[in-house]
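So that you can see what the record holds, here are the features copied from TrEMBL:
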- 39-288: domain 'G-protein coupled receptors family 1 profile' (DOMAIN)
- 20-49: transmembrane segment (TRANSMEM)
- 61-84: transmembrane segment (TRANSMEM)
- 90-116: transmembrane segment (TRANSMEM)
- 137-159: transmembrane segment (TRANSMEM)
- 198-224: transmembrane segment (TRANSMEM)
- 236-259: transmembrane segment (TRANSMEM)
- 271-290: transmembrane segment (TRANSMEM)
Amino acid sequence: MVMTNNVTFIFLLGFPDLHNFTFLFFSLLVLIFCGTISGNLLIMVLYLVSKTLQSPMYFFITQLSLCDLLLTTDIVPVLLHTVLYGGSTITLIGCITQFNIFVISEVSECLLLLVMSYDRYVAICDPLSYHYIMTHTFCVISVHVVWFISFIVTLVYAVSMYNLYFCGPNVIDHIYCDFEPILQLSCSDTSIIHSQVLIMGSLFVMLPFIVIVTSYVYIVLTILKIPSTTGRHKAFSTCSSHLIVVTIFFWTLITVYMFPTKGQSLTISKVLSLIYTVLTPLFNPIIYTLRNKEFKTAFIKLKGVLQ
């Protein structure tokens, strides 16, 4: 017997206690949204038009920007409406779809950061083989595999969630349609989905993180063996931007999904969610461009051409 869901629309509360700070917070989110969109689009445009940026590292950075754009356009517009009007009404299907798009972007970013760490590992630890290993074909295949795995993981979640029976309530006290808040609306047995999250999280969050940490241990040990201070500084500078992004991204993601604190306040949960859904997509282009001379040079050249 197929049960019809009692819940067809969901009300997102967002931040109901902002009061006098609503417009200020809304304005800040708009600035962040515009900065994120323009920053990540700029990275993609610079890669396409600049010959000096045609390398594996910058190719992967453009894919990272694509993930950030996907995440930002999925989360922030609804969040802006929620903040401005004290809540948002979204269909159940729309809510699940928002979460599925979130999964695609987050899994893709985890795997892309893993591939980028391998790129840095080969560049530092085996520089003579770099051009033979990190070929254009290898990079393109890697990116295709990353997106394919992300879609498969998302498909698993989507099928599982669409088969649940939702009986209510229809209110989610969060800034977007996240995994746990959605399941709390269901009267079905969600133990299978929780097991899926544990397995998927271990495979596509924890495992990439462990491999990245291991690769950086080897990278640091290799850099310390470089005799000159200038050489060590130059080698480390090529990895520092990626290391900062990895630290911010995985810290928030693992804190929220892999080791959630029981009884954690809703405010802390929402703030952590803001970091990895709103701020991290803004930080990525800033970190990769402001700390990179080649990006700066390419931007100046593009600016000169447009003028």
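The backbone N, Cα and C atoms fix where each Cβ goes, and this holds for glycine too.
Only pairs six or more apart in sequence are counted, and the transmembrane segment (61-84) with the transmembrane segment (271-290) gives three or more Cβ pairs under 8 Å, enough to call it a contact. Residues 107, 110-111, 113-114, 117-118, 120-121, 124-125, 149, 153, 156-157, 232, 235-236, 239, 243, 246, 250, 253-254, 257-258 of the same chain lie 6+ residues outside the transmembrane segment (198-224) yet bring a C-beta within less than 8 angstroms of a C-beta in it.
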